[in-house]
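Notes for the one structure printed next.
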Protein chains: 2
Amino acid sequence: MADKPEISRKAVYRLSIYSRCLEQLIDDGRELVSSTALAAAAGVKSSQLRRDLAYFGQFGMRGKGYQVEGLYQAIREGLGSDRESLKPVILVGAGNLGRALLCYDGFRKEGFEVKAVFDVAADELRDHGIQVPLFHEREMLEFVRENKINMAILCVPAEAAAEVVADLVAAGIQGILNFSPAVLKVPKSVVVSQVDLASELENLSYFISQKKIFEE
Amino acid sequence: MADKPEISRKAVYRLSIYSRCLEQLIDDGRELVSSTALAAAAGVKSSQLRRDLAYFGQFGMRGKGYQVEGLYQAIREGLGSDRESLKPVILVGAGNLGRALLCYDGFRKEGFEVKAVFDVAADELRDHGIQVPLFHEREMLEFVRENKINMAILCVPAEAAAEVVADLVAAGIQGILNFSPAVLKVPKSVVVSQVDLASELENLSYFISQKKIFEE
DNA sequence: TAGATTGTTAATCGATTAACAATC
DNA sequence: TAGATTGTTAATCGATTAACAATC
């Protein structure tokens, strides 16, 4: 077992960004890149980039930089995204946002596939042109266990979130990408990413108005 | 002009969460709440909650707690969300994700209204049942200026992001909620919130697999 | 008053950055 | 070799938390 490297959520997030920047460089036919150039593309300081890479190992050539292809592979491997197979996820809550995300192709591009959708009103949703198997939420536990799913995308209304999360945890889900505007209570072993669209807008709005006050 | 209070993005984000928790308490008919109870609902430490509130002023009663309604109003005011009028935003990029977000009702609930959608392929999209005025991107600059829009939701493909952002900035946009998997280069005066759905999933996936390694 | 809880300070913790020796 | 750039340490910065005096 490897020694705990103590890598933070934020650092892993940045490593995803670096990997995307490297894809771009590969497309551009670049062979080498310096930490300064890659950091600029990713919008970070070069020392931060080098430190982030150090979590996974040493990949550079002093005086030269990094081999684009090699560094890309190293980060993909470090992140555990082998790309061999799509990782299965489920989506819960087929309201406006949930159905929207089903159409989003970005998940597949990054190696994830939505295997099924669950909703309390599955029957009424039959004819919404949903391209993914649609079930009632009561079938969720069995599906998750049988298909060894460990990630869920949660798009239910805030009021419903607590109950659904309890079910997901009971079924053995390990990670939740949460779009419900609710604070989830989960065991420490379950990882949650909160995507709070309205709060993000509110955040922008606050800093815009602050700026205005300073300008006047 | 008020003294710069040095409030961080993260603290403002948490204040949005507190305000939502307080709405719940109002619905429940609660009159008073302690920092401990509210912090628990928001998933933070009570000392952090009290410190966050201190950015906006003093609202509590020692020995008693906070008046739910009063604290709610204070935070709404501090955040500048007067609720009188919906704040206008535009959405750029009417692909799968963009059209999806148009259906999302959460923005309106938090006080934002999408006034128009822009896309390079506006003509081909006419019949997709889009409920919001739809224009070609070339009309964006004029629309933004005439309607004094200062926020945009960006959902264009990564390749198109840089050019669109330059146009948005030129038009006077102050804040961008960015769903494009691209690192945006903007002047310091423009605020960006990055929502990177694929990287969020990748992040979850990494920590789930780490956990597995430890368990074995 | 005694008990409870705030507002705020000081201590801690973690993340970022500058700097530079190592080395290609 | 001289120039460039990495990998890593040490310094800095900022955010979180514990603790407690103030006070209802």
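Cβ atoms are placed via backbone N, Cα and C, with glycine included.
Segment annotation: TrEMBL labels DNA-binding region over residues B:17-56 (candidates B:17-56, B:97-136, B:137-176).
Under a cutoff of 8 A between CB atoms, and with a sequence separation of 6+ in the same chain, the neighbours of B:Gly95 (NAD(+) binding site) are B:Asp119, B:Cys155, B:Val156, B:Pro157. Sitting within 8 Å of the Cβ centre of B:Gly93, B:Ala94, B:Gly95, B:Asn96, B:Leu97, B:Gly98, and not among those site residues for NAD(+), are the Cβ atoms of B:Arg99, B:Ala100, B:Leu101, B:Asp119, B:Cys155, B:Val156.
Using a CB-CB cutoff of under 8 Å against chain A, none of the binding-site residues from B:Gly93, B:Ala94, B:Gly98 qualifies.
Following the DSSP three-state reduction, the secondary structure of B:Leu97 (NAD(+) binding site) is helix.
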